[in-house]
């Protein structure tokens, strides 16, 4: 017996029929649909994108609060009370720049359409209006009634089919897909860097306070200073491990051109194999430049990746 996953991707030979008299506007779940490539590659063009998921919103808010807590401890506990002005300026500038890039990357990963397929376009009227040519087949998602491109998967949280969906991340309250994977990778990278930087400053501050008077190395009382530094150390260590692992898995997924879902399901490769450098350029844009590391730069995915229907 076939699993639900395989049934959703099956096709039947012959032209699809609608259930007349039953009030169905969508095409049947399993059927052969001739379609043009333009329809497969089209995407929903929405002005704004935000997932109204309670768990995801809470996780996103917690992420921002933890970064702001780190900002507070770094600035008001370690840098401002320091007697070394150069040390404070250099580390303050570096930490705040990385934190700003991390939060900007988080915001763009959260508010960017990850590659949602147009919803509800697999109707009889729409298919007939395309003046279709025989010989190609595509798949239809029974959950959102959309024409499903190859390598697209349905997200139960976003309630949409997402092109090259890697996974749904509650910390960014969004799916990680074709259009926002760059921002998610940058978010994990910058969080790992500020975590490492914060840990280094905590260690240096502890050594400095042990050698000097605790009452002079911070504007807070010694017990409060110790508690704030320990909490920051715990937070930095936890986030450093977590985001470093996520960054490594994302880079590996990009280089192998295989999403997390495809690896988990062990799906058969039906797309052309490319070099690792081409796969990196497909996500971060053409050509290589400092814009790869900027969350303000939008990569051009259209030149790097195309989707084609299966021929029969």
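First residue shown is number 1, and so on along the chain.
Backbone N, Cα and C atoms are what each Cβ position is placed from, and that goes for glycine too.
Given the ranges 105-127, 128-150, 151-173, 220-242, the record in TrEMBL names 220-242 as transmembrane segment. Feature annotation (TrEMBL): of 28-53, 54-79, the stretch labelled transmembrane segment is 54-79. The transmembrane segment annotation in TrEMBL falls on one of the ranges 1-26, 183-208, namely 183-208. Long-range contacts of the transmembrane segment (85-103) within the same chain, counting only residues at least 6 positions beyond its ends with a Cβ under 8 Å from a Cβ of the stretch, are 64, 67, 70-71, 74-75, 79, 186-187, 190-191, 193-194, 197-198, 201, 293-295.
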